[in-house]
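As listed in TrEMBL for this protein:
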DOMAIN    B:42-336  domain 'Aminotransferase class V'
MOD_RES   B:198  N6-(pyridoxal phosphate)lysine
BINDING   B:360  substrate binding site
């Protein structure tokens, strides 16, 4: 074959629900050369990255590291390592990513129970506690920010409930971490996983994770064996974790002082994850959340200024993404295509019950910026006008500017 | 915390068994900005990458794509998607990575049978056929190049045997692909997985995979369901694949024309994988194998010129790595440390029965180069001399030069 030419990526302003435009500092970090897997520099970089993510997760957990894969690999690593076949798990479901937790837990052989609410709402703590008492699960697994609905589930009370009933609490914070308040230790969350491609300003491909001492002990207690040696007779250690690649017991030994060889670390993604965390820690977690809050409010006001109706319970909206109803008579995909073709701007479509009904617009990571917000609103106004939508007054840009001025 | 400073990676010449120094073109490709997950450019890049890997794997298989994770993720994706609990699998084991296949297959619930030979040998085709007849497995799973021993298992006959007995054949070609002859279709191999961090000159973190039509059909036939919907009543489709993240049925739908959303593609690793394949296709697969052969022979002659004894069956050695016995009285780790500290060169240690007994020296990917070979030999000679080893004649560099001159 004649090989294709050099990669020539078209410029895009990624204002969907993620992935988003990567911070150029992260891209530069990713162009650094490799060192060996157990080089002292590699070991030091892994340790630095662990310390950085303790800050990002707001935790003292020793077991804070990266899973080599996308955020979904982190979710599955947590669930397959925590859950044994037959274990009961309770999942509050308020969107697509809650449903994903139920599917992964079911594949782990767990008995899955749910507390469901309509899309656009969050789950009340009382409903979760009632279900915990009824189901008596080993684990409650919940998403913080579900981009499918833009809802941000309050977690502090869930942590209290889980401690009170001696239940483990796992949270998928992929879409919310770094742009919404998150307190692993203060909220009593045992295991948290994330990704780089949302508020952390990086690319998909690395999943930061943190585990409380009791979660780590539970996982370490499960049978794990050296390659090729069966340990079926070691019955009191629980069943073997069904995955080797996502076996957190082995991955903890790889990141821990024993440095036992597991997979070959994806060093470039480690470099990316380190730089994402370094950006956040330099800015300060509170400042980063405040920045996402500011630009999220500006975008919310802006879409209002364009006359668009916001979907869902705005009081529980994530800072970093807003869903708006596609106006009657306007072709949702036509607008997205015009934004991409004429302005190089991407906004999101949606899935499930919202498919074809809402657009999702993100303001996160590197793109939680005033110029990104105003440019997106200006372009969207032009495209809406071309479909006959009347925009009055200062429009989207004017409304967003008011937020910035206040 | 005070965040650590900018990443300052020390210069290293990585001459171990992998990961190796990344080709600078691949690093540059990885610094490219992202586009959205379903952007026309993204889709085109995914399709180009599929076509490139068909060339690299020498296959017409439509199902040729990337698994988002390290090479181990590709291995597990293949085994967990092919094997159902109770299935019999036969693994010819001639080193550590064969043992890894047995461990992953056991975690999939398979009944694992092996044909084992001492480290430093390959498995005879007759022994595999005898075991196939006895065990009647669904799948034979084998490593081509096992870096733990440097052995390269002949595969053409295994493919014939598997076709003759209607058994699927899976091969882990991580360590060998691109540097040793490999023929997916001509040899009749159903599923092959690889990684970027060996002869392909890239970083760890993406696993190219190819599946024959019959392997793809088998996997597509297994129950796969949309998130949140149980399909336990769909009994004739086989058991559900135990992993969501590594469910090849779903990943094929993501890379296929339906573009069903699965995980968020690790676009930077896609860029890397594309550039690795582009380098190989530009050079030509045969030329790349010949290059690995040349520099592998030069290194082999060079270590001989240093008076070092080569481990294992040299007639079946991979082109791209050599194992040499650590001379009596010489501290293996001391030599490695001196090479790293004084020369910035990394060579490999070993595991299992060879731990502390051999060094492993790689000549692969970007480092299958004359200057890399000669520099490594010159530095190793200096370090060996400092431990009292006598080097006579032209030494390692002289012996390697003779290979280059011939």
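Glycine is treated like the rest: Cβ placed from N, Cα and C.
Small disclaimer: the values here were computed from a predicted structure and weren't measured.
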Across the domain 'Aminotransferase class V' (B:42-336), what does the pLDDT come to on average, as a whole number?
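On average, pLDDT over the domain 'Aminotransferase class V' (B:42-336) sits at 95.
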Judged by the number of other CB atoms within 10 angstroms, which among B:198, B:360 is the least packed of the recorded positions?
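Among the recorded positions B:198, B:360, the lowest count of other Cβ atoms within 10 Å belongs to B:360.
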Can you give me the Cα-Cα distance between residue B:198 (N6-(pyridoxal phosphate)lysine) and residue B:360 (substrate binding site) in Å, rounded to a whole number?
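Here the two Cα atoms lie 14 Å apart.
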Tell me whether residue B:360 (substrate binding site) sits in a helix, a strand or coil according to DSSP.
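Note: residue B:360 (substrate binding site) is in a strand by DSSP.
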According to DSSP, does residue B:198 (N6-(pyridoxal phosphate)lysine) sit in a helix, a strand, or coil?
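Note: residue B:198 (N6-(pyridoxal phosphate)lysine) is coil by DSSP, not helix or strand.
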